[in-house]
Structure formats: structure tokens, C-alpha cells
Amino acid sequence: MDKLLYGSAYYDEYMPTDRITTDTEMMRSAGHNVVRIAESTWSTLEPQPGVFDFSHVDRAIDAMEAAGISVIVGTPTYAVPTWLVASHPDVLAETRAGTPHYGARQIMDIAHPAYRFHAERVIRELMKHTAQRKGVIGFQIDNETKHHGTVSAPVQRAFVRHLREEFDDDLDALNRAFGLDYWSNRVDAWEDFPDVRATINGSLGAAFDRFRRGLVEDFLAWQAGIVREYARDDQFVTQNFDFDWGPGWSYGVQPAVDHFSAARTVDIAGVDIYHPTQSRLTGAEIAFGGDMMRSVKDGANYLVLETQAQGQLGWLPYPGQLRLQAYSHLASGADGVMYWHWHSIHHSFETYWKGVLSHDLEPNPVYEESAVVGREWEKHSDALLHLRKRNRVAIMVSNEALTALTWFTLETGFIDGAFGSSRGYNDVVRWLYDALFALNVEVDFVHAEGGRLDDYDLIFTPALYSAPESTLERLREYVADGGHLVSTFRTAVANEHLEVWHDRAPHLLTDVFGATYNQFSTPDGAGVTHDGSTTPAEIVLELLTPLDAETLASYDHPAWDRYAAVTRNPFGKGEATYLGTKLSDEATRSVLTDALRRAGAWSWPQELAGTVTVRQGTNGRGRPLVYLLNYSPDDVVVAAPLDGTSVLDGRAVSAGDELGIRPWDLVVLEG
Amino acid sequence: MDKLLYGSAYYDEYMPTDRITTDTEMMRSAGHNVVRIAESTWSTLEPQPGVFDFSHVDRAIDAMEAAGISVIVGTPTYAVPTWLVASHPDVLAETRAGTPHYGARQIMDIAHPAYRFHAERVIRELMKHTAQRKGVIGFQIDNETKHHGTVSAPVQRAFVRHLREEFDDDLDALNRAFGLDYWSNRVDAWEDFPDVRATINGSLGAAFDRFRRGLVEDFLAWQAGIVREYARDDQFVTQNFDFDWGPGWSYGVQPAVDHFSAARTVDIAGVDIYHPTQSRLTGAEIAFGGDMMRSVKDGANYLVLETQAQGQLGWLPYPGQLRLQAYSHLASGADGVMYWHWHSIHHSFETYWKGVLSHDLEPNPVYEESAVVGREWEKHSDALLHLRKRNRVAIMVSNEALTALTWFTLETGFIDGAFGSSRGYNDVVRWLYDALFALNVEVDFVHAEGGRLDDYDLIFTPALYSAPESTLERLREYVADGGHLVSTFRTAVANEHLEVWHDRAPHLLTDVFGATYNQFSTPDGAGVTHDGSTTPAEIVLELLTPLDAETLASYDHPAWDRYAAVTRNPFGKGEATYLGTKLSDEATRSVLTDALRRAGAWSWPQELAGTVTVRQGTNGRGRPLVYLLNYSPDDVVVAAPLDGTSVLDGRAVSAGDELGIRPWDLVVLEG
Amino acid sequence: MDKLLYGSAYYDEYMPTDRITTDTEMMRSAGHNVVRIAESTWSTLEPQPGVFDFSHVDRAIDAMEAAGISVIVGTPTYAVPTWLVASHPDVLAETRAGTPHYGARQIMDIAHPAYRFHAERVIRELMKHTAQRKGVIGFQIDNETKHHGTVSAPVQRAFVRHLREEFDDDLDALNRAFGLDYWSNRVDAWEDFPDVRATINGSLGAAFDRFRRGLVEDFLAWQAGIVREYARDDQFVTQNFDFDWGPGWSYGVQPAVDHFSAARTVDIAGVDIYHPTQSRLTGAEIAFGGDMMRSVKDGANYLVLETQAQGQLGWLPYPGQLRLQAYSHLASGADGVMYWHWHSIHHSFETYWKGVLSHDLEPNPVYEESAVVGREWEKHSDALLHLRKRNRVAIMVSNEALTALTWFTLETGFIDGAFGSSRGYNDVVRWLYDALFALNVEVDFVHAEGGRLDDYDLIFTPALYSAPESTLERLREYVADGGHLVSTFRTAVANEHLEVWHDRAPHLLTDVFGATYNQFSTPDGAGVTHDGSTTPAEIVLELLTPLDAETLASYDHPAWDRYAAVTRNPFGKGEATYLGTKLSDEATRSVLTDALRRAGAWSWPQELAGTVTVRQGTNGRGRPLVYLLNYSPDDVVVAAPLDGTSVLDGRAVSAGDELGIRPWDLVVLEG
């Protein structure tokens, strides 16, 4: 792509009147240059089995081509038509909650042959029909694909076949690896293999979850293969990845998909990022999603395929926020931003997930603000396109640790929900990410199994509960070779089968951290004393005993005051810090500042932390590009960090010049 | 009826000993003159299929006739006997929660042929046996009839037939009207019609709910038809309607029954009204229930077939409250009050829903207080009977809007429960009703489809989210012709299929209100500034832009302070006020006071607001009757509002005389 | 047994490495002398049907015998193997929540013939294999046995057969006794008997619960019978009883088992007691469990078969607490304490229910502290063994009243959960127990049907809602003969079928208490005035009218101030106090102190209340033994209550000597 993409999802199917010409004119006048179509419209594309109707697709592509607007065509497979379920009721995935009835999207078993058969036919027809259209620049396969919680019988049988292979048909090995002797769960004949949906064995349950993440990868690869039989070389294939929705919006590692593995299937990563606005707009979620999408494709630029225009009722942006958000995506490395969706829908589930246009389909403040963005991007595309980053700091993430901590939760040690709920893996990830974001530290994510570590000065492992021994060995070497490692509580506890290591904790790393523990508990009112001030400990207390490490913080508690809470230890050429509990924001900032400085990862953006948010990189024409983003309702003033040009107003700027930034506004400097 | 009815439900079936003579003596000495019997006693009436046993019914009617106590006979069909379920398990209604097991009442599919067959037989036998009894003054068909959430297959098939008829077999029209293209929900062959229980399409879901409300009307009409084959001309047919139980008691429009349509079936409306007492007794629930029951039969008097004596554990009335409550029902237009029930039951589910007598079956404070009421009513029946009202103010209500706002909730825009719960339609109704009640404004309710509007000076539409265009046209004409209209947020949003209008909001009424909006959000801390004081906005903020209207209140919020919160606009000969958000009690009172004054609906009862509750009308002998009700633990003094007689103590009163009213006491003045 | 038993559960099956010799050495050096093995290991014992593998059992017994450590062998039946469920899926108990899937323990129908068949075979094989081993001192049958909520069809049919027998085939009698006429629940033909799982009839529901408690007794008697065919005369049979888990730990009468009846099956009672530690360690739960276990076997000593070492994450003991807990068990009459379990498990559900050893299997603070205990017990076994008590105070408990109050809850009067949850029977029991514990009053428990009353000076009946009339007659005689009775609200309300008595309340006891009531309600802000001070009333207000009784406390409430809250009445040679509401801790202490003094049950331990916890009795060599237990983080000093020896340090002590006790420490004095 040679320009920034800006636009929205467009559904001619859902329009109450024939107004596509009005819409394309409104888009053009607002500088929109792309639409995404067809995703989830299977029932209009194929109203009856084998009967195809491309009229809406044709109308949309015709109108967009006429208006010079590019089109991304989505395969429609993430919502199944009524006739498919009427003929094959068992395409609906059985889940732990039971058998669903027809209605919502994402309720089918993505491995079911009847679903696959019909999905393949409609994809092939759609591709034949659209691949040669000039206006079509790429294809999105399915949407926000997951395994939808399937526990359908054929999936369970496939899982057992998978285990037979993994364990080379050796049931003893499997029983041992998973600890199935406990509570008489042992399996001594493959034909006795029990339904796994109610298992209380975390090793088995997590293996099943991992297997189901594999189903997603298989499915995407299969769809991509079909699409590529028809796509031109200049057309891309993408997927719309999304994240943990735990806080009520996109923030956190996706539990049901390993994005690193799944991203191999696509040419360019696509993502949807939904986040709070109004007084709760901080930029953290946008940055997180962007950092992850870059990381899963080795730093390549990505497309924001969906983000909110007006969004949910509480997300209506204040004046300025829509524009600030759009730039925030670019500042993380996006090459395009598309809203979900052009017009608010007049019916059904997402009537109040509002688009650029309200239900009256007339211009409104959000549309007007998007037009400002569109016109700016038309003008400054060259400066803003293809931002590349070279980050010094990385966070190691793991779907496996995430899953493990739903079976052995941080606060109770039991299955999530069995004795109340608990904060989970992503709460720890978000804690560190928020702290780093607040310090203007840009990060990459690295995969626990196979990510490159040498690129980074400083690596964090939030609650890396379970990992194969090889990962721990690589972390060990990383520090020995001069890297700086910061690990939190519940790191290096268990192996890849969730068997807790039976030697000193943290396994293989006690000398790296120069500390160990053999008891841990819940906070029970404990504080952490660091640098003379005491703030509360949260989630869990690992009672650390330094071996060689320096104690950076201790517990403030009548029974546990002999134990360390945070330790630091030189190891080889590097250094390793261990956090035995969740610290307060204040203490976290202090410990992280220290770690960043000692790792040589402290620079001028950190000095601006608290004033503006800084993101930077090198743009497509090879020049340094700096974003100064004001996520606040107040005017701020900062000194320009470099000589260059203020991109959006063309002003020349010298390092040290005072730059005033209005509420929810920004400055982009090109060096 | 020529006298006030006062009594209770009586179950000889449940009595631990033979004491019916003691009971009738206790009733007579307490001035009780009516009992309600037989409802829900199917299994004693017909212990085996086709085997009938009328001994309890006979005993009760014999004893009551002997004591001169009238009898209302209830058909027993709202609880099914064991033998019916043993033979026909599928008479139990399948619901969204699954298939119930036997046990509770109200768990059958009221359209099921096996249920209907057996219900008809027992009703006919009961009618043959009782219709000619002198003491029997009327019949109650079934009890608190609802559709019980049925999603049984035959009901779903009937629903599809109903849709075929409604849409004249035109699936395209149905797909378009319901917006089924969304998420591939389109139906292109009737045989593909999906199970609706998990639909995410609010249009389809609401149509199914409306269809099921129709089942209730069909069922009641069918029962009434059978009963009338036997009943004498001097015997009435009634039903025991009840209300939304959302707050934990009766208050709000009944979601599962359209009372206006259903009431056509009966000769006299019956109702059950349960409400808090003790420190939480305000009279609002009693007034609400009474206003609704009058309204559904065009102002006719009604019977309170059930209300609490001791009721639930937390409802034991303070001294004075039982009597105050009884008069409160008359003050709303009731011609009779019956307790559920005479004696506390010694077994099963409602052991602690206590009656007039406690489990010891001896006189107690509640019985003694009911005797005071009974004796007063014997004495003053002529003055108190047949109160008629001529109210100037009405509230327009709609089952359809209520249902719609469960699919598109006020606070989230999504299906209730999908993203947490939300205040609903009845919360808005109760907000306005409470405010009007606090101002001593008596209201009627009018049906959104067909209610007479011209009778009123002032009409409120709380959250009339969806309505056919004809309703909006009638509101438009009402204002043009001189009416005063007060509408709240979320009025005139969608048509009868829950399709949001795709032109300017509020549809068809922007010139009536002289205001419009194209964005709205959640409060996010916003205030409303009205008359110089600022109080919090609640539930939703519609960001109103006045076209011609006067701004009565604005938002106090950094981003939205340019928008109006409340507007008023002259239109034709009338005036229309629009409330874009839920106001504080204080601001509501202020805005409503203004609207009432401008509509000429302000009078002396409003001046007494805050001191006593006033209800009034014209009694059966054509004289003005005024109730001054003291719902408080304090003595109050008011000036008599008219010349006349204090009914209960016979004192002559001149307008302006000081009347002292004791805690939880009242004065009734006849002009 | 001639020595204190001290040890843990040991699972060679779950060990990650071969280290049994290391373990036995660690045990011996810590003074551990017993292990409990094999419970719940069915799938390793019998990996395929009829194929047995005793290698783990043999290894364990061999090693323990070699080390001189005794072994208790558990039958493995409380968790079913995969092959059993694969062949007979219906051995899994259907419950009100539906049909479970395989996974957890305790999910089978303990009456199912296929389960019984296979359970019997494995028990017999295990007994043949182990009964003659020298090191095996006893057998535990099953574990924490319950009915697991079964509503499986065969169990329901057995229940109906049971009712036919109980009611001598007389359906009328059953309908009358249960009040089935209500809501048409009458059954007039046995073949119509409905599925009981959704019954709303508390009498029927409670009868089913009682029947299911009978299943547990049958099952245990059956297992004990099989085991005794093989066991030597010097080997005991025990069961591991447990308690209500309502507060999140063991405290309260077990709802699903009648411990008094079930205990007849075993030679020595075993128990598991889990409780909070850290800042919430009070000793109350340990004392409660111990008092109950002594009481169910008429004062005999018992074994703590399971209690926590490190336990759950929040239970990691502070230094000193593990030792204090161990002695607390002995102070209640235990002859042994076993931890669950020796080593923390590296897999599955209870990975974080931690044992003596952490996952690293090395010595740690908990292990070291257990070694202190072990060595002390080796030394002082003779002084500490076989403590017998002669308590003056008893609490009457009833599974039937407990169950009844789930059908008619204290705060709502409805089925628990139907209108929110409510405090239940055990909350009342715990309230009284806590108050007595705080006063250093040691109690026995007596069964409502058949417990000996004459042994006691003072008997409490907490919320004895339902009981056969004979129980009330016995209480009446008890007071008449000089006993002191303290009953709380909701005592003597209903008969054994949960039919509320239809005469004056409390039934049969109004003259005993000299008081009655016919109305009651919820607190609604009421206070209780006692001895001039007013504190809040809780749960329920029974509005008491004294007949002859003295009013000890009255309600402070505008409407109810004429009623008594607490009364006392002489009756015959005794005295009866009635508490119409739950009092504050302060008022409770005051009323109880008075009652204890008047009953002559006040002695020196009560004077030490608030300083140390006192438990006492007579040890195995016939000498008085007094425990002074300091459950606090502070040093305390008390005067020695008798001449004797301080057992643990051998010091001679004279009555009146000052004894200093460290935080979480204790002194044991032998007289």
C-alpha cells in the first residue's frame, strides 16, 4: 500500500433506503478511501443452499470503484445462515454451557465438516466474483475467529487422537505428565477417555484449550489457502484479530488464539481495538493493541480493521478525541484505520454500537471530525505512512500461562470460579503495560516459545506461570549474556504440562534471581516497604529469601517482615529483578524507573512522562517521526525534543521550542 | 354490587382442623362480607382424571351462605395436578431456562391442547356445581394469568403461522421489517425458520413476546366464554391482574399481559396489589395499581382481589397501616378489598405469606384492625362506594415499548443482561408516577395504541421507545389541538417492528418539540442545570439541539455544555416539553410543577403535597368525596378543602377548618 | 491406641520422584508416627476393571513398617475411575443442577448397583491385601461421604417406596401430613408421584433430604460390614466426617449427614477440620469440630484425620500457629492429628491446597514447626492422651431443623434462593457457639431426637424450628425437673413434617417460657434494650408477649416497643429463657452470663474469658489436665488455676503463679 487507508465497514445489505451514491459522496468529501464489506453476510450472499445473490456486493464494489474508494472483501463465514442450521443442527458448537440455539454469530463448530463444506462453497463463489475487481485491494478471512468454546464430540475425539500422537500412544506417559492419578482420573485404556468438559485436571484442561487454539490456526490457514487460489498478487489476505475483552473492551492477550502462530497465515495483520473514551481515554489500549499487532508480524505495519466511531453509548467521543485516537493508531505503527462502521444499524443486536453516521444518516460531529482526519491524511500520507520501530524493551507473553492461571488462579490457587473469581494473567500484563505506558516506554511483545530476546535491553515476564524448560534456559542465557530481566511473582512455577516443578522455586532461575521461596500466601493486609515508603501488597505474597540478591523491598507484616518482596541480582553480564507481589502504582513506577535506567533504556520520552504521551519511529521515507499526544482535557506545553517539521501545520521546529498542545490534541514532528 | 366488598381468600382445603363455623363467625364479627375460593385447588377438586370431589367447595359455600357472606369462585387452572403432568409431561412449558419439573404453579403451556382439554372439563364441572348457588356473586377465571415464558415447539410453530399471516406469506417483507439480514439471520424459506429462543434480533424477539401476550388474551377469552355459558346474569366474571414485580412488589406495567386488551374479557377488573409497609409505606403502589385498573376499564370501579394482610415477614403492618391501606384502595376507585388470605397456611411455599390470622388461628392485632375497617365499611358503604374520577392528566403506556427496552436497554443499548443489567421502561414510568404522586396529581393511563387523548390537559410519554407512526401522529394532533405533552428521552425512536427511524429524532415530532438530537451517551458525571441549580443527570444523556424550543435546562459537563437537557416548545394551540435525561427528584418536581401550571392542571391538592396525600372523585350518590391520607409516623394538621361531612366520625366540616390526622390515619370528607 | 497419633496423608501415587525413604526419614525425624493412605486412589489400585495393582500400597506399607510408622488404609471409593463411568455413565448422580460429566470426586450415586458392585470388589481386594499387615492399625471407609445431591430416578423411586412404607400406603395421610393440597400438589395415585426435584413443598423436600441422609448411613454401614469381614480385632474402622462449609471452612452442622446416626457405624470417629488462620485464627472451629466428634460417640476420643498444614493460600500459618492448632485439637479430646497432606501435589485440582512440604519437597518453616510438635508429643503422650470431659452445658442440634430452615428461611420465610439468600440454621448455631466459646464454656452437642438431657445444667436450642412433639415434651420435662433451657427464636414452630403447629407458639412450651407471640417480622431498624443499653436486633423479631415471664429485654422500635425481646420464666424446678431475636455480641454475652450463673454453670474458666482460651478434662492417667491457649498476637499473663505441672516444660506450678504465654503459644497444666 502506498497511502494510509481510512474508512469504515459498509453494509449495503442493512441500509434502510437506496443511498449508496450519497454515502460515497459523503465518504469522499471526508477523505475516506477504503471500505470493508461482506463480512458476516452469508445469508444475503447465499439465501438458500447453492443459490447465490451478489447484488449487494456488486452494488457496493461498483459504487466504490466509481468513487475511487478501495474495497476489502470479507468472507462471510463468521455467522451461519438459518438454512445451514435447519439442515445440520449439529454445526452449532456444543459448549460447557450446553447446546446453543440459533441466533448469535460465532456459535458454530469451526471444524464441523458440514460447516466447512458450505463455507468453502460460498468463499469460492465470492472469490470468483470479486477477485478480479480492480477496486478490491484485499481479503479478510472470517472475522475475530475463535474456537467458540466447542466441546462437540468430534472435537473431543480429535483431541484424543492428538494426545495419542503427542504421547506416542503411551498412556502411562500421559497419566504421568498430567498427574491423572489424582482423584482417580487415570486413563488406562484409550476407549475410557472421559468427556473433558468437566475435568478438574488443569493439565488436561489446558491441553484441550491449546488444542482448540490450534483449531483456529487450522481454520484460518484453510480459508487463506482457498482465498489465495483466486486472489491477485497485489491483493492481501488479512484477519481481524482481537483481544481479551475482560475489562469490557480490548485489552490483554487473547485467550482463545495464539496470535503469533495464527498471524503466519496472513499477509498483513488486521486488528480490532475498542476502548473507553470520554474521561477514560488514556491511549493505553490503542498502544497495547498496536504493539501486539506489530510484534506478531515482526514489526511490520498493520491495519486497524475495526475501531469505534461513536461506538457504545458510553463511548461517544468528546470533541477532539476521534482525531486523537486515529493518530494514536498511526503512532503505534498502523497503516490504516477503519471504523466499525459507516452507518448506525436500524435493527438487531448492535443497533446501539453506533457508526460514523447516527441513525438519521446525516452529517454529525463525529462525521465532521472524521473529515478533518481524512483530509489531513490525504495531505500527509507520505510523512505518516510505514512507521517502523526499534524498541529496547519487550514483554514476554504466553497463551499457555494465561490458560494455566485460569486453572490455578493467582488469588485462590483453584479453577477460576470454583471459589470465587480472581484476577488473572492479563491483569498482571496490564499492570506492567500500564506502568510502562505511563513512563512513555514503548514495547514489543515476544512469544514465550521462540521469541527473539537478544534484540532487547530489558525483558519483562509477567506471571509466566508455565513454560517449557527451554524458555527458562533462554531467559537464563539472556541474562548471562547481559540482558536485564524483570519477572513477577508466579513465574517459572510449572512446566508446559502445568506440572509444578518439584525443586527450588523459581525453577532453573534461583541463581539468576539470587533468591528463592518455599511459601506464599495472600496479602492479609501486608504492605511493601520500598525506598522508605510503605504501600499495600496485592494479589499474592511470595515470601522471598535472598540468596545473593539485594533486597529492594520488604514486606511490612508482623509475621512476614523477615522476607523480601522485591530482589535484584547480578547474573553473568546481566541483572535480574524479581517482584514477589503486585506493587502499588507508586512503588511500581519507582522499581521500573530503576530497572530502565540500569538497563540503559531510559531516554527523553521518559522525562516527558506525565506531560504528554510519546510514540516514535522512522517513517516510510526514513525520517524520525515523533508523536506527542495529549490525552487530557488540559492544555499542555512541552519543549520540542528534536529539530524538524511539525507535520500537521508545516511549521519548522527547533529542539527546545515550546510546543503548546490543546486538550485531546497532538503534534507530530518529523526530523 | 350495592355495597363495598371486604374479605379474603378462604381455603377450606388447607385447614388443619374443621373450624369453618368459627371462621365465619370471626369474619362476620369483623364485618367481612365476601370470600374468594377454589382458585388453584384443581387437585382437590379433581383428584384423579374425571373424578370430581366438591366437598370443600360445598362446605365453603354452605357455610358462607349460612353466614350471609358472598362467594367469588375461582377456576382452579393456574396450578396443574400431578396426574396431568404424569400423563402429559409436555403440558409443562419449555422456557428459555429449559424444561421445568413439576412443583410450582404457573409452569404449564396455556395453549397446550391436553391442558386445555382437562381445564375445560374441570371448569364446566365446577360451573355446573356452583353457578346456581345463591351466595355466589361472581367468578374469577384462572389467576394472574401469563404465558409463563413458554417457548414450547407448538407455540413457536403457531408464532410462525402468525407471522406468515401478518406478512401475507412475504418473507422478504418480514426480513426487511425485522432487519434479519444482520448477522446472517435472514430466513428465505419458512421451513428454515429458526428456534427463536436465542435470537439476538430484537424485532423478532419482541414480535414473539407480543404474540405470547396474545396467548394470554386468547386463553382468558376462552375461559370467560366457558364460564359465561353457566353464569347467571347477576354474576360477574373477573380476572386477577397483577403488575411488574421488579422492585420486589407490585409496581409497574405488567410485561407479559396487555391489560387494556385482556380486560375486555372481564365484566369487572380484579387486581392484586402487594407493596411494602412499615417505614416504607407511601401509598404510591396502591395508587398506581388502582389508577391502572380503573383505566383498563374506562374509569369503572374494580376489585382488589388480593392484597396483603400480614403478608411477607417484612410487611407486618404497624398499627394503623392495615386500615390506611384499605381506605387507600377505595380512594383509587376500588369497590372492594380482599386479603390474601384468611388464615396463614401451615405448609408449603407460602407458609410465611401470612394471612389475616396467624398460624394459631386466633384473633391478633391485624385481625382486630381489619374488624375496625369492616365495621366502618358496613356503616359507611353508601358514602364510599362507586367513586368515579375525572382526571386531567394521563400517562401513556405501552407493553411494546417496555419489551423493546429489554432488547435495547436504556443504559447499554443491548439485550438486558448481555452486558449487565439496566434500568428499564418501568423505572421511567415509576419515576414519573412517583413524582406525580408526590405532587398529589391523580392520573389515568392511556394505551399507546388507541387510548383517548382529548380527555386530558396533560399527557406524559415515559420512554415511548417504539410505537406505530399513527401513535406519533395522534400525539402531534393532540398538541396541535391544544394539548400539553411531556415526553422523556427515548421516545419516538423506533416503529412497531423496533426498526429505528432513519430520519431526524424524535421521529415526526421534531417540530412539535422544536428540538432534535443526533448523538446521545451515558451520564459520565454530567449534571443538569435548571433554574440556577445543578443536580445529576441519570440513565442517558440525549444531546438536544433546540430548533425553535426554549431551553429549560442544560447539561453541566465539559464536553456537552452546548446542548440542552430539557426543552419546551409551543406547537399549534398546545405545548410540548422534552426531557433528554432523567432528572433529580428536585429538578423533576420543578419541571413538572411548571408543566402542570401551564396546562391548567394545578389545583388545591397540589398545594397540600408534602403534608397529606389527596385522592378525590364523586361517590355513588353523586357527591364529591375527598380522601386525606397520612402516610407518615407523625401527626399532621391540614385545612379542610371543602364544606361537608367527615364521613368516618360524622362531624360537619367547613372549608378551612383545621383537621388533625394521626399517624397512619386518614380523613374522608363528603361534600 | 496407646499413644498420640501424629502424621499426614501420604500419596506415593502422586510423587514426582521415588523418594519414599527420604520421606519416612523426614517423618521420623519430625516425630510423625502415622500416615493415612489409599483413599481416592481407585484408578491406580484398579486401572482396568478387575485388574488390580497394589504396588503403591505395598511400597507405602513396606516403607512405613520399616520406619515404624503406623498406617491407616482408606477405601478408595469416593472418586470413581474413568472406566467405570465409560461403562456405566449413569453411576454419575443426576442432581438438581443436571447430569454431571466426569471429572471431580463425589459425583456418583452412592446407591447405584453398578457403583456398589465395583466398589465392593475393590474393597475386598484391598482388604485381603492389607488387613494382615502389621503396620496397618485401622481402616477409613470412603471419605467425607454424602449423598452428592442425587435425584437419580432409582433414588426417587426408592424414596416413594420409603414413603409408602412410612405412611402405610395411605396417600390421604401423606397428602395431609405434607399439605400437598396446596397449589394442587396432591397425589392421589402412587403412579402419579411427581419428580421431586422442583417441588415447592417443604415437607416433601425435607422428607427427601432426610431419606438421602439415610442413604449415607446405609452406604457407610455396608462398607463397614465388608471391611470388618477382613479386619483384625486390633484394627479400627473410622470415617472422615466433615462439617458445613458455609463460611468457607468447616463450621456448622453437616447438612447432608446425621453424624449421630452415621457414627454408630464406626469404632472411632474421624473428622476433618479446616479453618482460617493468620489474623483470623480463633480456635472456635477447632473446638466446634472436636465437641461434635466427641458428642457423636458419647464422649469418646476421636481422630483428626485431616486438617491443614499450609492449606489454602490464605491459610499459611504464622509462626506458632501450626503448633497451637495441634494442641487445640488435643484440648478438645482428639487422640491424634493428621495433616492433609504430607507433600503439596504437583498437579490437578488441589495443587494449592498445600501440605506439610511445599512443592520443592524440602524442609520449610511448617515442616520444622510440625517437628517441634512431633517431638513434644513423643515425650508427653501419656499426659496428653485420652482426655475425657464432663461438660455441664449442651447445645441441641437437628439436621431436620437445619433442612427446614432452607425451605423456610429465617429472613424471608421462603425457599433459600427464591427471594435472595438468608442466614440459616448454622448461623444461629455458630452465633451461640461463638458466644459460649468466647466465655470459655465447653459444650457437648445433643441430638434433638434421643439425646440425653439430664446430664446437663443448661441446654440451648438454637432455632429448633421443627421437631417431633416428643422432643418438645422432653424439653418440658427437663425444665420441670430442674433444668435450665435457653431457646432462640424459631424454636418449636413445626412438627417433624414441617407442618406449622396451629396452636399458640411456641407449641407446647408457652407455659415453660411463660410467653407467646402471634406476629413476627424483620428487624426494620429495631433495637433491643437490655440492662439499659440498646443494640441492634438481627435476622427476625418475634413480638413476644409475656404471660408469666419476666421481660429481660424489650424492642426499641416505634411500633413494637410494647413487646418483649427476651424473657425468662421459672417452670417447675427449672427455668427457661427465650430469645425472640438475634442479639448483639454484647447483649448475648450479658444474657448468657446471667443464664450460666443461674444454672450454676459458671466457674473459673469463665473468669479467664478474654485473656486465654481454656479447655480442660481428665487425662488418660486420671489427672486433671488444663489447656491455656493464647489465640492472639500478644503476650498474655494468667494466674495458674491449679497446682500441678506445666507439661511441656516440666515446671512445677502452684495455683496463683503467674504464667506468661507468648503469642500463638500455650501452657498445659496437669494437676
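Cβ coordinates are placed from backbone N, Cα and C, and glycine is handled just like the others.
Among the candidates A:Arg96, A:Arg105, A:Arg186, A:Arg264, the residue that TrEMBL annotates alongside A:Asn143, A:Trp315 as binding substrate is A:Arg105.
Listed recorded positions A:Arg105, A:Glu144, A:Glu306 compared with chain B at a CB cut-off under 8 A give A:Arg105 as the close ones. Mean pLDDT of the predicted structure over the domain 'Glycoside hydrolase family 42 N-terminal' (A:10-379): 97. The CA atom of A:Asn143 (substrate binding site) is located 11 Å away from the CA atom of A:Glu306 (active site, nucleophile). In this view, A:Trp315 (substrate binding site) is surrounded by 22 other Cβ atoms within 10 Å of its Cβ, with every protein chain counted. The substrate-binding residues named in the record, A:Arg105, A:Asn143, A:Trp315, extend over a maximum Cα to Cα distance of 23 Å. A:Trp315 (substrate binding site) falls within a helix when secondary structure is assigned with DSSP. For the active-site residues listed here (A:Glu144, A:Glu306), the lowest count of other CB atoms within 10 A around the CB belongs to A:Glu144.
According to DSSP, A:Glu144 (active site, proton donor) is assigned to coil rather than to any helix or strand. Residues near A:Arg105 (substrate binding site) in space but far in sequence (CB under 8 A, at least 6 apart, same chain), listed by position: A:Ser40, A:Tyr78, A:Ala79.
Taking only the Cα positions, the spacing between A:Trp315 (substrate binding site) and A:Glu306 (active site, nucleophile) is 15 angstrom.
In the three-state DSSP classification, A:Glu306 (active site, nucleophile) falls within a strand. In the structure as shown, the Cβ atom of A:Asn143 (substrate binding site) sits within 10 Å of 24 other Cβ atoms. For the pair A:Glu306 (active site, nucleophile) and A:Glu144 (active site, proton donor), the C-alpha distance works out to 11 angstrom.
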